[in-house]
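K.L.:
Can you keep this structure in mind? I'll have questions shortly.
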Amino acid sequence: MHEAQIRVAIVGAGGRMGRQLIQAAMAMEGVQLGAALEREGSSLLGSDAGELAGVGKTGVIIQSDLASVKDDFDVLVDFTRPEGTLAHLAFCRKHGKGMVIGTTGFDDAGKQAIREASQEIAIVFAANFSVGVNVMLKLLEKAAKVMGDYTDIEIIEAHHRHKVDAPSGTALAMGEAIAGALDKDLKDCAVYSREGYTGERVPGTIGFATVRAGDIVGEHTAMFADIGERVEITHKASSRMTFANGALRSALWLKTKKNGLFDMRDVLGLDVL
């Protein structure tokens, strides 16, 4: 057993992402699985987290009460749903725990609650924890600065049939990266649906298209299209483990932070490129 630098609690431990996070925590140098949680009434309560995730017995028992494990972790890793994440945020703020938030679908009030909590605790909040996706966001900023003023920009994303929000948080982050590079607000230039007689494409807009099908882990493409040529920047994920590893890497990075709101570009040092 390697020496732990950070102890993590994983909420939603029985879900697809939760199990991957448990596997990643058990494998990553410097990380210790301190707690695993599921909703009250879940049939998984009382199970060993490692056995649930297929990595063998860990001695960490899945529980529903966050307060009962507050001394067992330093950073909470949350890939659940907005209402649950905000409740966990209030707990972590009260008890001085760091957070890694991969939940998507927050409204403006939820995002504001995260910003306010970050004045007291350290939070990494990202739409996508894949290293590749965050490199892509940096590439999109650079492409937008060169081509954004004269091309038609479209973002196409595809996910599995169980995803409940659209467009994906990553697609929105792509739009925000492009809009920011063009000194625009995404709210003012995004087009989220087209149906019926729409008229010609409005110049300067950023279009979004969504696919939900099968077991697609996540595919995102940004298109910069002109007459005679187009540039497409694409990322395809084939395993959730890429997100889990990025989230645990973020938890390790938080060990030296007392407070503040960060994203994966901070963790990876991409803003200096």
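Positions of Cβ are set from backbone N, Cα and C atoms, glycine also.
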K.L.:
Which of E29, E38, E83, E141 does Swiss-Prot put in the same NAD(+) site as G12, A13, G14, G15, R16, M17, G102, T103, T104, A126, A127, N128, F129?
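P.N.:
For the NAD(+) site that includes G12, A13, G14, G15, R16, M17, G102, T103, T104, A126, A127, N128, F129, Swiss-Prot also lists E38.
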K.L.:
Take the C-alpha atoms of G169 ((S)-2,3,4,5-tetrahydrodipicolinate binding site) and H159 (active site, proton donor/acceptor) and report the distance between them in angstrom, rounded.
P.N.:
11
K.L.:
Looking at the recorded positions H159, H160, K163, T170, which has the shortest Cα distance to E38 (NAD(+) binding site)?
P.N.:
K163
K.L.:
If I take the alpha carbons of T170 ((S)-2,3,4,5-tetrahydrodipicolinate binding site) and G14 (NAD(+) binding site), what is the distance between them in whole Å?
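P.N.:
So the Cα of G14 (NAD(+) binding site) lies 23 Å away from that of T170 ((S)-2,3,4,5-tetrahydrodipicolinate binding site).
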K.L.:
Least buried of the binding-site residues G12, G14, going by other Cβ atoms within 10 Å?
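P.N.:
Taking G12, G14 as the binding-site residues, the minimal 10 Å Cβ count falls on G14.
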K.L.:
Using a 10 Å cut-off on Cβ-Cβ distances across all protein chains shown, tell me which of the recorded positions (R16, R39, H159, H160, K163) has the largest neighbour count.
P.N.:
H159
